[in-house]
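Over in TrEMBL, the protein carries these features:
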DOMAIN    25-408  domain 'Non-reducing end beta-L-arabinofuranosidase-like GH127 catalytic'
DOMAIN    419-481  domain 'Non-reducing end beta-L-arabinofuranosidase-like GH127 middle'
DOMAIN    510-627  domain 'Non-reducing end beta-L-arabinofuranosidase-like GH127 C-terminal'
COMPBIAS  580-596  compositional bias 'Basic and acidic residues'
REGION    580-601  region 'Disordered'
Amino acid sequence: MPEPYPIPAAPAAARAAREPFDVREVRLGRGFLGDWQTRNRQATIPHCIARLETSGVMDNLRRLVGESDAPFRGMLFADSDLFKTLEAVGWEAVRDGAPEFASFVDDAVRLLALVQTDDGYLNSYYQGPRAGERFTDLPHGHELYCLGHLVQAAIAWSCAGRGDLLEIALRYVELVHQIFGPEGRDGVCGHPEIETALVELSRHTGDPRHRELARRMVELRGRSLLGEHGFGAGYFQDLVPVREAREATGHAVRQLYLLAGVTDLQLDDPAAGYGEALAALWGSVHLAKLYVTGGLGSRHRGEAFGDPYELPPDRAYAETCAAIANLQWNWRMLLWRGEARFADELERALYNAIAVATSVDGRSFFYSNPLQLRTGHTHEEDAPSRRLDWYACACCPPNLARLLSSISGYVLTRTEGAVQFQLYAAGEFDLGDGVTARVETAYPWRGDVSITLDRPAVTDIELRIPWWAPGARLVVDGAEVPVPGPGYVTAGAGARRIELTLPVQPAWERAHPWVDAVRGTVAVRRGPVYFAVESADLPPGVSLEDVALTADSRLVDRGWDEQLGVPLLGITDVARRPRPEPLYERAGERGIRDGGDPGEWSPAEVTAVPYCRWGNREPGAMRVWLPTS
């Protein structure tokens, strides 16, 4: 077995444009990412472990070995909540052993070993309420999806030096080879995830059969093997062969997990032939179906992608897991192609659509992430006006936990002769060749990034200049280095002190004119972070729907909010108009050019908070896209 390489989705270095760093080489310090990772370990992971008990996930396993009389509870794929939580703890254990979680892990692995059948099968639902029906409902059964998460958890623990979970996963994978391999039945899972997990398993073990099984499952898509089942074959990504696909469709999380797996295959085999499809699908997602916050999935029905430019802010589904899946896909695209735009989109998702999903205390979560909630919004579990501590379908909280446990692995990449900074975070990073970098920064709230090397750099240091940062400045050992624009700029080998200044300034942003739902509005962005206005910051008696920008509106800094732990912005000269009585009225003598009676407006100032922190006070209205008067 090859030496474990402790990083999510590590490809064979010789075949990748970028190679990831070991999570142990990147030690995050105090700052946005480091504090988030610490909060994840101290609050989110323990919360997930507790809810695995109260939601029945652990009892679902215990009842199969006579240790519980409780009935099966939860979704049929509830096992995956345990596997994702185990993966989260596994990445913590890679760094320092995570001794505080040892009893949980020991008990979970013990139960899994006891529940696993002699032939390797392991699924509490299909060994419980639907015993004897294994692999009879591939569209909805989620068995291979759950196995994918088991495999990824097992890899994390193998990297931490513990092999018993990997043995359990490998036994199950061998059964899947027998059933779905080249000599077996044609079948794919209704929810992709097994594909990327099998490629990671192939890299981790050195066994090419796992990669070939993933390839077989990808190649079988597009034959309508899963049938229609209400939402249609497109919902399952089974309508068009992957090589022919040019538009992202169907269930957003499923589509993005599949694309992560396809990119893994392309990464490991340059002749795989998926490049044209991946390029087209990336454009479909990021040029026509992406919310400005990095959210994905504009339709509640089917948790699905909509048509191009169909991006209503108030009906955005934008599931947290879809944003995480898109981060994972862009990471793989970055490793494959090496282009800064993939890191840009990873960053957009991370600081907005993903960061918003967790409360400031790390113990409550959003499942969906709309960009607008109206005054008087009726609470729905899949579009709440406040975060919940758990969900009936609890896929998102443990998914967040496993991402944050491994987030240090997404900060740096390397090539022969160079190291690339993809994300900016405070901490100490081992760059190789005995060189350690100390990074000081308050990013994303400030754009100053100071990198001090304990000895001269042996390789070039390449710094990503985000798409929003024209005018960035770079000083290396006291000498200014020209920054050509977005992309990467190089501090040459031998550098000891690198000072990068990114223009983190507030700015207005508008949407493509075909996004009808936000025509006549603008969003507020400061660096990579988008802002929202909440009713919590409005004067009494003023509804958010009454507020509009004027030609005189300006963005100004309003200091630091200690409760939310973020900077605030003020928006000056905002118009407040009393609500008109009729729902519809005559446009006036000037017809479509009539904007209403200017005498009705009274100026005011409102506060904007980072979108990632909205909803941490009392429930209320919120909007990202602000109308212009």
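Every residue, even glycine, has its Cβ placed from backbone N, Cα and C.
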Across the whole of the domain 'Non-reducing end beta-L-arabinofuranosidase-like GH127 catalytic' (25-408), what does the mean pLDDT come to? Round it, please. 97
Composition by DSSP (helix, strand, coil) of residues within the domain 'Non-reducing end beta-L-arabinofuranosidase-like GH127 C-terminal' (510-627): 18 helix, 46 strand, 54 coil
Over the span of the domain 'Non-reducing end beta-L-arabinofuranosidase-like GH127 middle' (419-481), count residues by DSSP class, listing helix, strand and coil in order. 0 helix, 35 strand, 28 coil
